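**Student:** Sharing a structure below in structure tokens format, with a few things to ask.
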Amino acid sequence: MAAFSKYLTARNSSLAGAAFLLLCLLHKRRRALGLHGKKSGKPPLQNNEKEGKKERAVVDKVFFSRLIQILKIMVPRTFCKETGYLVLIAVMLVSRTYCDVWMIQNGTLIESGIIGRSRKDFKRYLLNFIAAMPLISLVNNFLKYGLNELKLCFRVRLTKYLYEEYLQAFTYYKMGNLDNRIANPDQLLTQDVEKFCNSVVDLYSNLSKPFLDIVLYIFKLTSAIGAQGPASMMAYLVVSGLFLTRLRRPIGKMTITEQKYEGEYRYVNSRLITNSEEIAFYNGNKREKQTVHSVFRKLVEHLHNFILFRFSMGFIDSIIAKYLATVVGYLVVSRPFLDLSHPRHLKSTHSELLEDYYQSGRMLLRMSQALGRIVLAGREMTRLAGFTARITELMQVLKDLNHGKYERTMVSQQEKGIEGVQVIPLIPGAGEIIIADNIIKFDHVPLATPNGDVLIRDLNFEVRSGANVLICGPNGCGKSSLFRVLGELWPLFGGRLTKPERGKLFYVPQRPYMTLGTLRDQVIYPDGREDQKRKGISDLVLKEYLDNVQLGHILEREGGWDSVQDWMDVLSGGEKQRMAMARLFYHKPQFAILDECTSAVSVDVEGYIYSHCRKVGITLFTVSHRKSLWKHHEYYLHMDGRGNYEFKQITEDTVEFGS
């Protein structure tokens, strides 16, 4: 106690009091953040994630289990490119550690030559240092090269895996429309994946190098000052590490919240760009500015809280991991020198004592710095836990969706039931899909949205190839819902649906999608050039398809089939609709769904398109309000929007409705 009493000065007592006060404030701040999260009743924009199912973001067994699961994706085999970079980094870390030890020893000898006024020793050891500079520089830059390449390799592996799952079948559609566990998947697939990979590689480097340093310096210091010094430092590492890890636990949760708010902010900006024309017509810039500022304000408020928390943690980290570690180092290294009876220094000269102390002190300083880096790496590990939780949640949701499982808040159907009407419980996927050519048949199929809104309780009708059907009714009656069930985008809640396989059913929307690529790609989408060749369809045939929809002139206007443009902007509304019809002729499906897809096309061109579809054997389901189209159909399906429908054959006595 007497040895430490000299440190209990007024100044040190004040510092200790300030540290204690900061710890109290930090604890209070953490409690306030927790209470704010529980009491806040304002639902964030696009916050579809289920409360009560929040992913944990702490460093525990669950975190390591998740991390190992993702690492198996990024390092798929024992012998692969990623393993090679891991080995390269390990070798460079060992080499760098030996370079550090050599530089300490050589630097001590240089300074010893200066103090001893030996021009010969000074010149020799200085030339050794100059000769070693290229090798040391090469080691450092090989290490940086390996780290950067490993980050890129990890990102490529993980991105490819996630996109394989995300773009499998209709998973990308189901995630946004049938499942509400993931908000803003674009944020997860881009920024979060990159940050996760960078964090993993940085952690590998920031942990491996300090551990190597500690092992080597313990070996060197044990022979110089005994085993008690390194043992004291290791004990300090364990105690301080556990203490700081406990304090850092909120970082993981705050990282998840930060990324979620960043995703919401990106979403409102992309939404503004996508719908800029409509917003401009409505003069909605003030309202949109309020929305953007509201979301940005929420992000900024969280970032302020995060910065304050990191400031508090940084203050404590610096004291415990850096300065107190240095104090412990001084206490440890000074013991054999201040003990006048220590056998190692009984006969040492002043120059030898100085050289021995300087070398031991530098090694111990490096060792304490290595211990400090390991303690501080806990902060990066806690942040990594946040990214790991988000990536793992995305992987689990993708896996569920690809196995036909999804979670969405279902509206209670007992609340929707009408008195006296039996409410039949709806179970997603309870229906049966039968694949058959040249027929579409709904047999006691309930038409319902994914969240349980029943549009038609019991739908029954049958259509065979060659019999076109006109579908009509008010907005919200279920026309688009019918097509989504038919295209297997929405689950079948019951009954039997007989239909051709997906490739024999084609959908043409009112606003056709124009892909990135050449003019040829617009006609053959989603096929590629190789698919076109395999089908034996030449460019001359494609030209005929364009001529059929009166778009033949566009080939010369835009510079040929291989011309690359932003086709969403280059083509007018009518040209895009006619391009979609040319795409329909190319694919020649058994059935096609035309959803107001000729609204911007003249009546004569529209009539020719329908006649050509009948000629090539494409049976049509048409949503339109044009009376001129009734003559091209054999049946009509009318929905009244109140759960009733009428499916009848069109005859001379049928009253046409529309405009």
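Even glycines carry a Cβ here, placed using N, Cα and C.
Below are the features I grabbed from Swiss-Prot:
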CARBOHYD  Asn12  N-linked glycosylation site
TRANSMEM  84-104  transmembrane segment
DOMAIN    85-372  domain 'ABC transmembrane type-1'
CARBOHYD  Asn106  N-linked glycosylation site
TRANSMEM  126-146  transmembrane segment
CARBOHYD  Asn206  N-linked glycosylation site
TRANSMEM  224-244  transmembrane segment
TRANSMEM  313-333  transmembrane segment
DOMAIN    440-659  domain 'ABC transporter'
BINDING   Gly473, Pro474, Asn475, Gly476, Cys477, Gly478, Lys479, Ser480  ATP binding site
MOD_RES   Ser659  phosphoserine
**Student:** To what whole number does the mean pLDDT across the domain 'ABC transporter' (440-659) round?
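**Tutor:** Result for the domain 'ABC transporter' (440-659): average pLDDT 87.
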**Student:** When neighbour density is defined as the number of other C-beta atoms within 10 angstroms of a residue's C-beta, which of the recorded positions Asn106, Asn206, Asn475, Ser480 has the lowest density?
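**Tutor:** Checked Asn106, Asn206, Asn475, Ser480; of these recorded positions, fewest Cβ neighbours within 10 Å: Asn475.
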**Student:** Looking only at Gly473, Gly476, Cys477, Gly478, Lys479, the binding-site residues on record, which one has the least crowded Cβ, with the fewest other Cβ atoms within 10 Å?
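**Tutor:** Candidates: the binding-site residues Gly473, Gly476, Cys477, Gly478, Lys479. Fewest Cβ atoms within 10 Å: Gly476.
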**Student:** Hey, what's the Cβ neighbour count for Pro474 (ATP binding site) at 10 Å?
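**Tutor:** Neighbour count, Cβ to Cβ under the 10 Å cut-off: 11.
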**Student:** Which residues, in sequence order, are found in the same chain with Cβ within 8 Å of the centroid defined by the Cβ atoms of Gly473, Pro474, Asn475, Gly476, Cys477, Gly478, Lys479, Ser480 at the ATP site, excluding those residues themselves?
**Tutor:** Leu455, Ser481, Met639, Gly641
**Student:** Sorry to bug you, but what's the C-alpha spacing from Asn206 (N-linked glycosylation site) to Cys477 (ATP binding site), rounded to the closest Å?
**Tutor:** 60
**Student:** For Asn206 (N-linked glycosylation site), which of the three DSSP-derived states applies: helix, strand, or coil?
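**Tutor:** Once the DSSP labels are grouped into three classes, Asn206 (N-linked glycosylation site) ends up as helix.
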**Student:** Work out the three-state DSSP category of Lys479 (ATP binding site).
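**Tutor:** Looking at the DSSP assignment, Lys479 (ATP binding site) belongs to a helix.
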**Student:** Where Gly473 (ATP binding site) and Asn206 (N-linked glycosylation site) are concerned, what is their Cα separation in Å, rounded?
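**Tutor:** Gly473 (ATP binding site) and Asn206 (N-linked glycosylation site) have their Cα atoms 65 Å apart.
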